[in-house]
């Protein structure tokens, strides 16, 4: 059905033809596009907002009054606003200020351009209704690295420069509005935008319509909200040449374009980013977008107004992320608890079955049971760590965490510490020939004291500032709805109490490691001492690794829970495996050896005694070496002579003069006697296999022979002038009284003979060490009965 043409009012012309000058130098208001020529479109080479408005008015004139409207457009020189305005002004060719020829003053009916209606222009021409409103605004660079500035006042206060277009209307307006503001003048819009993106200026000030059109094309810039110098955009008409009826009809058609929304459509097309209608999204605005929670952006994406909503159409409501522990992680932690509990139960049952075995009794079953109890307490901490609440609690397991871990640690650690200390004290006393008894009560008291100190700290913590469950909001939307939160056990002074307990445990571990260092030479038959030391060092290593990792992770709940659970599990698991694994291995190795090699006659006590004697020899060897080195060095340094080593023997030689005897007797009588005794002291030969043979003989025979260390003790007694009071063939140490050995009359005669001989006498030789001659190995010591230890009579020597 064709539209019926409107009736033309009487007296209205059938057509109106207007001549216009077009300022086609401003994109997007008006510009020339020769490639867009289309014969079906009037003046198609002219593009932009204003040419499109002229074409719309042709349609409106036809629809409203059935009048044919046509134009004769002529492109004006670029930026000739003043000259083109003077051509249609009422004072054209009438004053010296406007001396334009008369024929040029009647050339155009109106000028198509973005003119502003500031005084005194309205008095010279008749302006059309305003079809646009503009003002001075600024654009900023979205991805600016420095401080974001969005207003002229900020730029003025911070003395940051703004870019302005040279000789533009808003160049002067901006400087008048904000005096003292720094400015950089650029020649074109493209140059100003480039400087803006290079951060040479913080804002670019220009006409609002121009800048809005630029932001449509470039998403990296946006228009700020601040405006100044609002102006109306309109066209000037020549009142002298255009009939009043034609002007009135033209103005009426322009009002019709505003009333019907045609101007709004044109504005959206050129100066606004294209958005889909409310409730729509997508490139062609065909996809849904929940109008209550989202809106389409310039790219057609449905953007939710809050992070609470998600999905392509913003219709999926997100629940609050509580950061609860995943069920899989909790299951893994329960599995670790089950492994340790099962291991402790198995070890307890095995310990009860084999409680009367010698290897188990030597490992002290009550200590082993305490280790299992402590590991069960400590492993239970994982169960308390896994407790949580989706809200603000309460969570009963909060205060149980430090109690379970600290009590379990103190029981396990205190037992290991007391065990290694007991072994070390007993064997060290045996090596020093002292009878020391470390009772079970004393050892249990060590564990109790360690535990009581920890309990006192925990009790104060529980009373003064107990741990409580607390949930903290990490993020929320703009409406205050919680989006993410996390819960944890905390208190006002938890850091203080944690530091006290941590420092206390660290000091205990350091002391235990030092005792392990002292006990490094314990016999191999006491392998439980070795594995106790390994368990203590394992505690130290796990703590040194886990604590820095937890500090790095911070309060991240899932990872922190996993690391703490693994540290507790590994600590207890390693302790049980090392202690009980060694004991179980000793029992089954002993049974295997008896059945395979028929060693049922071999006594474990005999092997243990041999290891203890070997350990004692090592200890006394160090002490004797230190004493002998110090004594001989001091004595020899007081005499004139030379010290040399020959065939493994240390030989000290000195030349005698006529006063040798008198000087020796006057300066050091004891040393004189020692040297005399040293002449007759047989040297002891010991090979590398002798120590092994001694150990074998001590295991397989009840008889023993004095060791090299006994000879060294005896030699030390002679050297320092003390009387040995007790010397045992099976002991590794002899004791001496403080009485100086007497010098016999025969020795005095020998010394006198030495003085009378003078230079003919060979210098005395003091020999201390290991002789390589095979004859000296068996002629120096005689076995003594183990039950009888007679005193040694004073030694008398001959020359």
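Every residue gets a Cβ built from N, Cα and C, even glycine.
No curator has checked TrEMBL annotations; they are predicted automatically.
For the ranges 302-322, 365-385, 470-490, the feature annotated in TrEMBL as transmembrane segment maps to 365-385. Check TrEMBL against the ranges 234-259, 260-285, 494-519, 598-623 and you find transmembrane segment recorded for 494-519. Taking every recorded stretch in 332-353, 400-418, 494-519, 531-554, 566-588 and counting its Cβ pairs under 8 Å to the transmembrane segment (365-385), the highest total belongs to 400-418. In the predicted structure, the domain 'G-protein coupled receptors family 3 profile' (398-580) carries a mean pLDDT of 81. Ranked by the number of CB pairs under 8 Å to the transmembrane segment (400-418), the listed stretches 332-353, 443-464, 531-554 are led by 443-464.
Contact between the transmembrane segment (566-588) and the transmembrane segment (494-519) is not supported: fewer than 3 Cβ pairs lie under 8 Å, counting only residues 6 or more apart in sequence.
With a cut-off of 8 Å between Cβ atoms, the residues of this chain six or more beyond the transmembrane segment (531-554) that come close are 413, 416-417, 419-420, 423, 505-506, 509, 512-513, 516, 519-520, 560, 563-564, 567, 570-571, 574-575, 578-579, 581-582.
When Cβ-Cβ distances below 8 Å are used as the criterion, the transmembrane segment (332-353) is approached by residues 360, 365, 368-369, 372, 375-376, 379-380, 382-383, 385-386, 561-562, 565-566, 569, 572-573, 576-577, 580, 584 of the same chain, each at least six residues removed from its ends.
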